[in-house]
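For reference, TrEMBL has these:
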REGION    1-70  region 'Disordered'
COMPBIAS  1-16  compositional bias 'Low complexity'
COMPBIAS  30-41  compositional bias 'Pro residues'
REPEAT    276-310  repeat 'PPR'
REPEAT    379-413  repeat 'PPR'
REPEAT    480-514  repeat 'PPR'
REPEAT    581-615  repeat 'PPR'
Amino acid sequence: MPSMASPAASSSSLAAIRHPHFLPAKHVSPPQPLTHPLPPRRPPRAQLVRGAASTPRTSQAELRPDSKNASALSAELRRLARAGRLPSALSLLDHLSHRGVPASASAFAALLSACRSLRHARQVHAHLCVHGLDTNEFLLARLVELYLALGAADDARGVLDAMPQRGTTAYSWNALLHGHVRRGRGEAAGPVADAFAEMRAAGADANEYTYGCVLKSISGSSRPSMAMATATHATLIKNAFAGAPGMLMTGLMDVYFKCGKVKLAVRVFEEMPERDVVAWGAAIAGFAHKGMKREALEHFRWMVEDGVNVNCVVLTSIVPVIGELRARNLGREIHGFVVKKFGERKDVAKVQAGLVDMYCKCGDMVSGRRVFYSSKTRNAVSWTALMSGYASNGRPDQALRCIAWMQQEGIRPDLIAVGTVLPVCTKLKALKEGKQLHAFALRRWFLPNVSLCTSLITMYGSCDCLEYSHRVFHDMDKKTVQAWTALVDAYLKNGDPLTAVDLFRSMLLTNRRPDAVAITRMLSACCDIGALKLGKEVHGHVLKLRMEPLPLVTAELVNMYGTCGDLNAAQRVFNRTESKGSLTCTSIIKAFGINQKHKEALNLFAWMLSNKFVPTKATFDVVLRICDAAGLHDEALGIFSSMVQEYKLEASQENFDCIIRLLAGAGRISEAQRFADLKSTLFNLPTPSLDFEQQ
């Protein structure tokens, strides 16, 4: 093959000759072995013999600058590419081009797989043309996909347009579609749809891989298009699912789940001629993703009854569902199945992390810890599951220690682990640890993650560091409604409702649409400062945004009007609420109590019970305070007894103090003393010696 090297190639080839691979060998016999591929110690002779029998070792003589052993040099190219040493491989490729030695197609395939930058991809492309492989359809398709994955759509289009017979074969078009899918995850499926339409216009026959890319692009987009899903479904029916009904119907079912069309997804699942483990897993994951836990559990049982072998992917989908349902006994059965079926396989690590999370959600921290410490492959996911379990089971201090322990094991916390521990710092008001996590997130380039920044704003606000909260908020590129709300809430918790109101107005000026949480925080600020006029403005936003049916917003509206003294407005809001519940009933009872309407408040409580609304702990706290303010000791005793015996709610110290004050004020000293003794026993307090006459 004649040399086609350019001056640039010549200079690069000189650099290649200076590379350690091509240093001139000493004229000794036998030739000195290469130093870089051999381990520090020489293996035993028997081992070398066995290795030589299976895979012949390339000698240095075959890799000299004047060598033209194409197979040996191509093998070296593949080895360098697989080792991630792409600059060395490109230097060797320059040398081959200069010497006129052809590289094999498999060597170029390895080089394309190793490319991580556009500059290297273009260099490999140039060498591809020099070596006469610019008509190899396989390599050109890989090049198209690589260019698209690196964001060079124009380069990919140029390669595709120059390909021979590109209008009649699906191979190159599939590479184009797959490249768009890899590049556009989480974005719209428009580029894939346009490429698919162009492919059909060119007369190329689509196969199962073509439709698979189209379905992946729809399901992977942030807003799946139902119109594209139905159009693709119709095309698949017309083409008899391209000869792969199982694979494509599974992808179609996943698309319908992502579009929120559960009935259509179930219909596709029921029409499948054969359901393999992938189809069952997609159905279970779809139900779990849509929050349909019972349906996911039923399909898992049907899958087992159908005789389909369960794999780790299915278990990873079903174990969180069991934890959310708090079905501990079923979780123990799954745990036993995992131990018996999978043992110590590497792919069982995610399932074990799910088991830790499941036990923690069921309140069984002992079993969760046992699974965690029995695992030999602990990773950031399993540590995060344990931290979350400690935090949700009332052990935030242990959760905070876990992030230090995992680093002692050599495991770096990821973004999710840091996001799990920051609310723990907020709860404990651990400013020092929160600052350390903030510094770690900056060092690991986790910021500016929106969720992490919002957690930092909340954490600093709970630790009375409003300056840091404001600084984190100011440095955010994309200020979401959640971030605005976190900053407003931080000022409210630090006793500065006026600044919180100003921040809310600033958020509205940025055309951000407040959510229900932001509205309730603003109504709470109106309660704190008694701003009835501002509360009415917020009520206008509630009506404009159609949030009045939300129980949380309605309850806060009633509370705001009641606190600001407009009891008639509070009554009107309560009466207009169509779906009344314990939250709204508690708010109207509290509103009447604040305005000294004690009898009416207790009548509303009786009406609430007669209409089968279940009172919460907050409801009983409000009613007992009303009884305390009105001096109604008999009514308070009855309500206290109903709370503890009928509704099985635990009484707080404040509830006991309320009953003790009422009984002491009514002269029922012995009963008051009995409640005082019971309070000291339940809460491990010193035995009281109260002087009720002084009260």
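Backbone N, Cα and C atoms are what each Cβ position is placed from, and that goes for glycine too.
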Spatial neighbours of the repeat 'PPR' (379-413) far in sequence, C-beta under 8 Å, 6+ residues away: 349-350, 352-354, 356-357, 359-361, 363, 365, 368-369, 372, 420-421, 423-425, 427-428, 430, 433, 437, 440, 444
Remote residues contacting the repeat 'PPR' (581-615) - C-beta distance under 8 A, at least 6 residues beyond either end: 551-552, 554-556, 558-559, 561-563, 565, 567, 570-571, 574, 622-623, 625-627, 629-630, 632, 635, 639, 643, 647
Structural state census, the repeat 'PPR' (480-514) (DSSP three-state): 26 helix, 0 strand, 9 coil
Cβ contacts under 8 Å made by the repeat 'PPR' (480-514) with residues that lie 6+ beyond its boundaries: 450-451, 453-454, 457-458, 460-462, 464, 466, 469-470, 473, 521-522, 524-525, 528-529, 531, 534, 541, 545
Residue counts (helix, strand, coil, in that order) that DSSP gives for the repeat 'PPR' (276-310): 26 helix, 0 strand, 9 coil
Helix, strand and coil counts within the repeat 'PPR' (581-615) (DSSP): 26 helix, 0 strand, 9 coil
